[in-house]
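Chemist: My structure is below; once you've seen it, I'll send some questions.
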Amino acid sequence: MSAFRSIEWKNDRLYLLDQRQLPAETTYCEYTDYPAVAQAIQTMVVRGAPAIGVTAAFGLVLAAFQSTAATVDGFLAEIQSAGEHLIAARPTAVNLSWAIAHLLKIAQNIDTHTAAHAESDTAAIDSLKQTLLAEAQALYQADIDACKQLGTYAQTLIPDSATVIHHCNTGSLAAVDYGTALGIIRVAHEQGKQIHVFLDETRPRLQGASLSAYEMKAYGIPHTVIVDGASGYVMSTRAVDACLVGCDRVAANGDVANKIGTYNLALVAHAHNVPFYVACPTSTLDMTLASGQEINIEERADTEITQVKGQQITPDNTPVFNPAFDVTPAKYVSAIITEKGIIYPPYEQNLKALMTNG
Ligand code: MRU
C-alpha cells in the first residue's frame, strides 16, 4: 500500500487528497454531497481516469444516502440524475461513465426483486443504498487488484536495467493504488530492477513535475524531470528502452486518448524505434467507439495556459487552445497492457477477443 491514498471512504463520507496542493501540502477534502464531488472532479482535486471513476462511484453513493425519496422509482430517478451530473464533470475518461453505469445497472436490476420482497419502499431503498456502497467499495478494491496485476504482467516488457520515459501522472494518485504506467515502474522497482524514469513535466497542469515526481520520491525510484519538448533529445542521446503512458479511453481499433502531448511522444518514440506501451485497466476500453476520432476531447480553461501560479504570462487577450487530451493512432502503440493480459496489434481483433473471452 502507498504512503498516501488519493481516495478514502470513512464513516459514510468521502475524502479526497487535494492533488492541486501537491507537493507543497497534503490536504484531504471531505465530501458529503454529490454536486461537490462532481465539482472536485471538474476542478481536479482528484484526477486520473481510474481515480475519477472510483470517486464518481462514491459520489453516486452520497447521492443515494442524501435521497429522501419515498418510493423506489423516485429513488432510482434521483440517482440516475445524480449519475448524469457526475458524468458531465469530465468527458474524456470513460472510467467515469463506466463506473456510474455499472452502479446504476445494479440498482435497476435488483430494484424489482428488492421491492417485491421488502416490507416497504423505505426498506427497499435502505437495502439499495447499502448495495450501492458495497459495489463502490468493490470497485475501489478491483482497481487496486487490476493495477497490481497489469504491473506484474508488464514485467516481461521491462528489462532488468531499464530507462523509460513517462507522461503525465498515472500512479497511486491517478488510481486507488499503484496506478497504471507508474504502477509498472513501481513493480519493476519492487522486483529489484534498476529502473530510471524520465518524467515529462506535462504542461499545462504539470502533473509530471508535481505529482509523478512526488510519487517517485516517495517510493525511492530514480527519476529525472524533463520538459515535454525534451523527449526527442533524450531519445536521441540516451538509451531509452520504452515509453510508458496511461490512458483515458481506448477505442475498439486501439486508438488511445491520453494527456495532451502523448501523441507527440508516440511520434518521437516511433522515429527512434522505442517501444511505446499504453497501460490501463479494462474499464478504460470503450468498445462502443470504432476509432479515436469519436472520442470527446475535453477542452479546459484558457487560464491553465495563460497563467502560471496565478501570474499571467501571455499578453492580454491572447487566444489559446487548451485540449486536455489527444489521440494517439493505434499504429504507434506497441502494446496495450491490461489486467487481463498484454494486447498486441491487430488491436481491433485482439481487443474484441479480450473483451469477449477475457
Ligand atoms: O487530466 P488528468 O490529470 O486527469 O489526466 C490524466 C491522464 O491523462 C492519465 O495519463 C490517465 O488518466 C491515465 S491515469 C492511470
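Just so you know, glycine gets a Cβ as well, placed from its N, Cα and C.
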Chemist: If TrEMBL gives ARG47, GLY48, ALA49, ARG90, ASN258, LYS259 as binding substrate, which of GLN141, GLN207, GLN307, GLN311 does it give for that site as well?
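Modeler: Record source TrEMBL; matching candidate: GLN207.
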Chemist: Considering each pair of residues in ARG47, GLY48, ALA49, ARG90, GLN207, ASN258, LYS259, all listed as binding substrate, report the largest CA to CA distance in Å, no decimals.
Modeler: 17
Chemist: Reported as an integer number of Å, what is the Cα distance between ASN258 (substrate binding site) and CYS168 (site 'Transition state stabilizer')?
Modeler: 9
Chemist: Cα within 10 Å of CYS168 (site 'Transition state stabilizer'): which of the binding-site residues GLY48, ARG90, GLN207, LYS259 qualify?
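Modeler: Correct set: GLY48, GLN207, LYS259.
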Chemist: Based on DSSP, name the secondary structure state of GLY48 (substrate binding site): helix, strand or coil.
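Modeler: Note: GLY48 (substrate binding site) is coil by DSSP, not helix or strand.
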Chemist: Taking every protein chain shown into account, which of the recorded positions ALA49, CYS168 has the largest tally of Cβ atoms within 10 Å of its Cβ?
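Modeler: Checking each of ALA49, CYS168, the winner is CYS168.
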